[in-house]
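This report concerns only the one structure given below.
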Amino acid sequence: MIIMSKIESIVPEYLLEKFAEKGSEKAQKSLEHTRKIHEERKSIIKNQQIMESTLDNNREHKPTRHVYDCQHTEERQHKLVRDEGDSPTDDEDVNQAYDAGQVILEYYKNVLHRNSIDNLGLDLIFNVHFSEHFMNAFWDGEQMVFGDGDGKIFIDFTAGIDVIGHEMSHGVTQYTSKLEYHDQPGSLNESFSDCMGSAIKQYHLGQNAQNADWLIGDKIIGPKFPGKALRSMKEPGTANDHDSQPNHMDKYDDGSNLNFETEEKRQSYIVHTNSGIPNKAFFLVSMGIGTDNAAILWYKAWPHLHPNSDFHDAFEEILKAAKVLITEGKMPQNTEQVVKKAFSDVGIAKS
């Protein structure tokens, strides 16, 4: 049963608010659209619950890709412009989404041994050119949606394979742990998507933990963006002028010092901000045993979490996965020590 009521977007609402406060009308409109979609998401949860409860678990097949052009409307699956096996189009956004989908499917299959989002070959649906100058990308529970940005603060959201991998990985969380979108469960939800997005980016670029930049969203920022990326997994809190991500539990931020109008706004801040802590742990583990090995550990642990799992629950399940895989000869012998130290270094585990 799906219990998440929010769409999972790459740009946090509080960041859009910052840009809106500085006079960006497009940021304000994007914020309004994002909140409107949140409300729509609430209204379709029951239908999705029914759909998942009646799924045929024997329907595994090879996933196919379908790219739709919203033509700047807010209608998803507005016009099909590239189907599986079709030749490239003249639209770079369409081709970027289509090509990234193949890389992401390959990573999940070849490295993580998962068949698409649901592990049964769920087809990938991409929607590009959503709305007018929409400054976000999101997973709505069924499909991925990408805006064009305003050309100044943000540019095309299909330009970053980490962004696309991030959104697709929200779908994986939906079909595994079903982490709720608040507090530490929501932060884990966001962090898993960042971890997988970064791993996929490194896979695509032929990089490793040592030579990767560990930035999230560096390819979607425009010339007026006040920083180098949305987030840094290596150095949380340093990616841009409004980046308040902590790198240790001592700095966990529950938003109580900020004046949020609603609890929903506070939770959006919490989940995107405190994901920096498990993000840093993933970076440290990757530096010790390699990014792909770290991704495998996280992926193996995720189905064993429950909707309200916290950071320590994730640590325990990742550690269990490490022990099993070491015994099976599938992880370096020092993996358990690396995991313990990484989570200790960010204040989640006791040293």
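Note: Cβ is positioned from N, Cα and C throughout, glycine not excepted.
If you look up TrEMBL, you'll see 51-174 marked as domain 'Peptidase M4'.
Summarising the annotation, TrEMBL assigns active site to E167. DSSP assigns E167 (active site) to a helix.
What TrEMBL lists as domain 'Peptidase M4 C-terminal' is 177-348.
Taken from TrEMBL, the feature region 'Disordered' covers 231-257. Residues 14-15, 18, 183, 194-195, 198, 213-217, 225, 266, 269-270, 273-277, 279-280, 282-283, 311, 345-348 of the same chain lie 6 or more positions beyond the ends of the region 'Disordered' (231-257) yet place their CB under 8 Å from a CB of it.
Summarising the annotation, TrEMBL assigns compositional bias 'Basic and acidic residues' to 240-254.
Look at TrEMBL and you will find H272 tagged as active site, proton donor. Annotation for H272 (active site, proton donor): same-chain Cβ neighbours under 8 Å, separated by at least 6 residues, are P12, Y14, L15, S187, E190.
When pLDDT is averaged over the domain 'Peptidase M4 C-terminal' (177-348), the result is 98.
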